[in-house]
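K.L.:
Provided herewith is a single structure, encoded as structure tokens, for subsequent inquiry.
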Amino acid sequence: MKWAIVLCAMVALSECLVRVPLIKGKTARESLEEKGLWEEYRKRYPYNPTDKFGYAVGDEQMTNDADLAYFGVISIGTPPQSFKVIFDTGSSNLWVPSVYCSSAACNNHQKFSPSLSSTYKNAGKPLRIRYGTGSMTGFLAYDTVEVGGIQVPKQIFGLSQTEAPFMSHMKADGILGLAFPRLAASGAQPVFNNMVKQGLVDESYSEVIFGGVDNSHYTGAITWVPLSAETYWQITVDSITVNGNVIACHGGCQAIVDTGTSLIIGPTSDISSINSAVGATMNNGDAVVNCKDISSMPDITINIHGHAFTLPASTYLHSQGYSCRTGFSHGRSNLWILGDVFLREYYSIYNMADNSVGLAKSV
């Protein structure tokens, strides 16, 4: 499996690069499998990746993707307190654990201590982020947040007081959302938008890059895809094909480009069609193939805005002993999610100035 970095950039026109290196850690699933707890865990906390895309503003739903592996380090407060966060283009809030949280999920993660920061201010507003398998509750506060060397004073963020049990198995401490402001729970201003508002980056002539990438990390031209909705980073996919034959997304479909989801998610019938086309069979909830067959397995092509984005078998399979599981899983809606299986292969740019997503082949 090729482990290129999960790319995430918020751009207008490129003149300066501000970098946050992304780190690949052990996933919650890998940790649980090592302890022999994965089967029990998946039954207790069933994974529904589309939960996070069905909420009303102010009551944000998220989900427990146990295969997420990438995170970056930011700091909050004066002096700075460091946190590992998932940079998530599928949500809009920044939140981290607090010293007021005694949940198991908080006790094995870094906690923010307001008393240690001279620039901290309580916002006096509660925060509740509802998960598919539980919830995070807490409150909002203001403090200086540093991302990639840029200090954002008076940034609003969430501090957890309770967290869902599955978070105890995640490497990251919290989440930094990169979707649009209208999706933020409790009306909290997202970090990147606050950077622009405070003049820390120019809306027209600079870019903030999460992942430490530049034009040496992609090849060929960038395909700019207009957003079909200005909430998530939502685009229109034309079709999904194998050897030129449409096997899914017939007549077009809606997809969210999401760094906070590890797999490619789609409707049940379409995902079954894709897994069947690559010769996968179901085994205890996973679509699996024999790892020895990778060289003979077909490419999957996702056609977007008139351009073909091809995924060879080496990119959509993950080895687990003698078998390999595919990176295609079903959700509970007609919405598609292009997660890390897609984003490891294609450099992605999230352009708020032009409301578009840029995609190019990563190297």
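Note: Cβ is positioned from N, Cα and C throughout, glycine not excepted.
Those TrEMBL annotations? Automatic predictions, nothing curated.
As annotated in TrEMBL:
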ACT_SITE  Asp88  active site
ACT_SITE  Asp258  active site
DISULFID  Cys101-Cys106  disulfide bond
DISULFID  Cys249-Cys253  disulfide bond
DISULFID  Cys291-Cys324  disulfide bond
DOMAIN    70-360  domain 'Peptidase A1'
SIGNAL    1-16  signal peptide
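Each of the listed features needs to be described in terms of its position in the shown structure.
P.N.:
All protein chains shown were included, and the count of other CB atoms within 10 Å of the CB of Cys253 (disulfide bond) stands at 18.
When other Cβ atoms within 10 Å of the Cβ of Cys291 (disulfide bond) are tallied across all protein chains shown, the result is 16.
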K.L.:
Between the active-site residues Asp88, Asp258, whose Cβ has more other Cβ atoms within 10 Å than any of the rest?
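P.N.:
The residue with the densest Cβ neighbourhood is Asp258.
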K.L.:
Applying a 10 Å Cβ distance cut-off over all chains shown, what neighbour count does Cys101 (disulfide bond) have?
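P.N.:
By my count, 22.
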K.L.:
Express the distance between the Cα positions of Asp258 (active site) and Asp88 (active site) as a whole number of Å.
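P.N.:
So the alpha carbons of Asp258 (active site) and Asp88 (active site) sit roughly 7 Å from each other.
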K.L.:
Under a criterion of Cβ-Cβ distance under 8 Å and sequence separation of at least 6, what residues of the same chain contact Cys249 (disulfide bond)?
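P.N.:
In sequence order, Val237, Asp238, Ser239, Ile240, Gly266, Asp270, Trp336 meet the Cβ cut-off.
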K.L.:
Report the mean pLDDT of the predicted model across the domain 'Peptidase A1' (70-360), rounded to a whole number.
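P.N.:
Summing pLDDT over the domain 'Peptidase A1' (70-360) and dividing by its length gives 88.
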